[in-house]
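> In case it helps, TrEMBL gives these features for our protein:
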- 1-56: region 'Disordered' (REGION)
- 60-82: transmembrane segment (TRANSMEM)
- 155-191: coiled coil (COILED)
- 223-316: domain 'M23ase beta-sheet core' (DOMAIN)
Amino acid sequence: MASNQPAYAPARPGTGTGTEAAPRPGSDGDEPAFAFFAESPRPSSDAAPKMPRQRNMARGGTVLGIAAMAAVGAGGVAAAAAPAAPGTAPVAISVPDVAPFEDAPAPAPAVTPSVISDPGEALRARIIGTATAGREAAAQAERDAAARAAAEQAAREAAARKVREQAAAAKAEAEAKAKADAEAAAKAEAERLAALARSYIKPVTSATPTDGFGQADPWSPLHAGQDFAAPTGTPVHAVHGGTVTSAGWAGAQGYRVVVTLDDGTQVWYCHLSTMCVTQGGVTTGDTVGRVGATGNVTTPHLHLEVRPGGGAPVDPLPWLHGHGVTI
């Protein structure tokens, strides 16, 4: 801090010229600097006491200028006069008004990257980082594998479902076809049976007509039917559909089966070796028995009688011809 004492002290009377000022090396002309050099102390006891060195007050102007410049840099434009010469009034310094001070927001603390200087800690950090990366990679690999497995499982299930659907569709199609075929077959059979029921056939497929209707024979003056010679056991068919109204032993006619047609006409099948039906309905073509030689006969043959309304017999051949059967 600069002292308020004068820059130099006059010598007391009788003490000589006092001190001599010399310019300080390195100073310019506007800012004189003086160095005071005291003379060798005199032996006199009333010598003036030494004054301590004082800084030159001339530096005050420079300090004031620097302060003004700082104020100008902080708040605006300022004008500062050069230091006044010794003995002149100081120059006023104009400083612009400065805005009231307000608390500025504290700057965010700078993020300084962590630097590990310890080699051991650095190695530990690298090991931990490598292990963490390995765990993350393994976890990601597991997730990828699980996703692939799920996709493959979904694909397998979709393929199996498609196979099941195709098999079910094929089965349904086959069942529908079988049902349609069965229905068609049943319909065809029904139509055939209906047509057959309306139709008339020969009683023995490959038979030869022998004794005819009205001829006399050893056992009766009137032969009441038509004989068809055939080997024993040859199937005898119903010439038309109807209902079995009698079946059994009939004396001279041997084993006999009587079928009554829907219009009431009775058809007698006589001299059978075997009766294949004894009751119920029959359809045209059904086997009612087999050719034999039972009763009053000498050779195996079928004796066929036709009795309209269950009454007197008529000639079987014209009756069959009338129903479309050619013998």
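Each residue, glycine too, has its Cβ placed from N, Cα and C.
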> Do you know the DSSP helix, strand and coil residue counts for the domain 'M23ase beta-sheet core' (223-316)?
7 helix, 49 strand, 38 coil
> Take every residue in the coiled coil (155-191), average their pLDDT values, and give the whole-number result.
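Per the prediction, mean pLDDT sits at 94 for the coiled coil (155-191).
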